[in-house]
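Take a look at the structure set out below.
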């Protein structure tokens, strides 16, 4: 549509829109170069015109009028709901400001944080709806007293609440005699299982989307021309929005020019030998520290279990002992990454991207190794102990780890950024303001999300706690960034960074969690006196017993067939894996072809 002015032109526009189908009309209004308020006015006039034509024409039947009214009401409700969700995204404006002031490298951390926050909101809603709410109907009163220390330790009063696995019943819930019933065993295992399947698909789809956007279909072929001539939004009229857009555009042009004008440094043979030696020493030091940290966590966890099994006379002493393991683990995860960042500065990488990716690799080795040691401790030591409910004990450990990690994350912002700014601006002026450490902060998020995924089986409401923690972390990090940090000294474009973050979240984090959950569900024997799977040989035995019941009903034969021929069949998973590998290979070949075409097109444009 062209720009139309005057009453006759507007009437023609409204008439033409009213004659279109609903989908075509919505697309046409969206493509108009008008403000959102003007588009809403046009949409309302078109709806009035459609209603007027319907009234002047043949009177539809009562049923047709009801359906039409319901459709219009549903469409208006959907538009109102969409606008409401847009307003609830309180970080939308904040992300624009961060991108304009600090560039896409720092922005990628906050985008990843909001992505994880939405992920945990979804997790909490799933678990609360299908596991926690039914348990409230069959819950017994909690006779334990609340002292306040439970907020730190997760023990005491919380032990007899829906926060932990051990509180959930193994009975079939039915409030009405001879009415519908709710099998808590099946609800628990199917909710967790289907949730992880959905997570798997979401992660694969997200990786494919970002990979396609950043590697296959790069948005910028000619940085100079496209950014200068084709990216300004002429609908912006607010002065603050104009200045913010100018800053954002300026930052993107700097990043693009930095990538285009990237210098390749030529080193002498002696300089190359020295650089390789420095890199080797740094890697040996980082791996040695990671091994030492894992050994310390292992021996501390062994001692921690012995203290719990012996018991305590003083309650305050027992509460303090519960926090020793999570405090030490969080202390290691907080201090060692600062050492890794210092090593990265000593190595003097050619680009900031190399520094960040190497730091992330070292941090992922450290954090995932510590998580691996803890999982071995939980699945092989705690599960075989004489504890009455080892699943609740594991859930309490995970609760304390998540909570203490959140506290140390806030302390890291204070000591790592606020005090560093004070020192750099008052004591040692040569240091200056600190830069935002992307690698360390991103790995903190991946570590926290890994703990949450592991804890879903043992503490179904843990995603709700992590959701609140991520929400607070977002605004604390935003304030600390604005007040304490400076933009990166070397401007660089990070179009592939979000893809790397989600890949690290998928592998090794998510795949490792699937291994832990698989061992717990298929191999370990549940506690005899607590939880929905008490008395069974394994959690998966609940599904096998359910299939045996379904075999007696003709209407459920298809479920039994799927179970025996697909779910328990090695051949099916072999064929599925082969299909995925073939698709991945073909996808990679397409990527290489598109990359070659993009390079040739860029060379032609530059020439």
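Each position is counted from 1, following the chain as shown.
Note that Cβ sites are derived from N, Cα and C of the backbone, with glycine treated the same way.
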Task: Identify the transmembrane segment range according to TrEMBL, selecting from 280-300, 427-447, 532-552.
output: 280-300
- request: Taking the transmembrane segment (398-415) as the first stretch and the transmembrane segment (187-205) as the second, find out whether 3 or more Cβ pairs fall under 8 Å, excluding pairs closer than 6 in sequence.
  value: no
Field: Of 146-167, 187-205, 280-300, 320-343, whichever stretch has the most CB pairs under 8 A to the transmembrane segment (451-476)
entry: 146-167
Message: With a cut-off of 8 Å between Cβ atoms, can you find at least three pairs linking the transmembrane segment (187-205) to the transmembrane segment (320-343)? Only pairs 6 or more residues apart in sequence count.
response: no
Task: Over the domain 'TMC' (389-495), work out the mean pLDDT and round it to an integer.
output: 87
Statement: Beyond a gap of at least 6 residues from its ends, the CB atoms lying under 8 Å from the transmembrane segment (571-588) belong to 565
Statement: For the domain 'TMC' (389-495), the DSSP helix/strand/coil residue counts are 79 helix, 2 strand, 26 coil
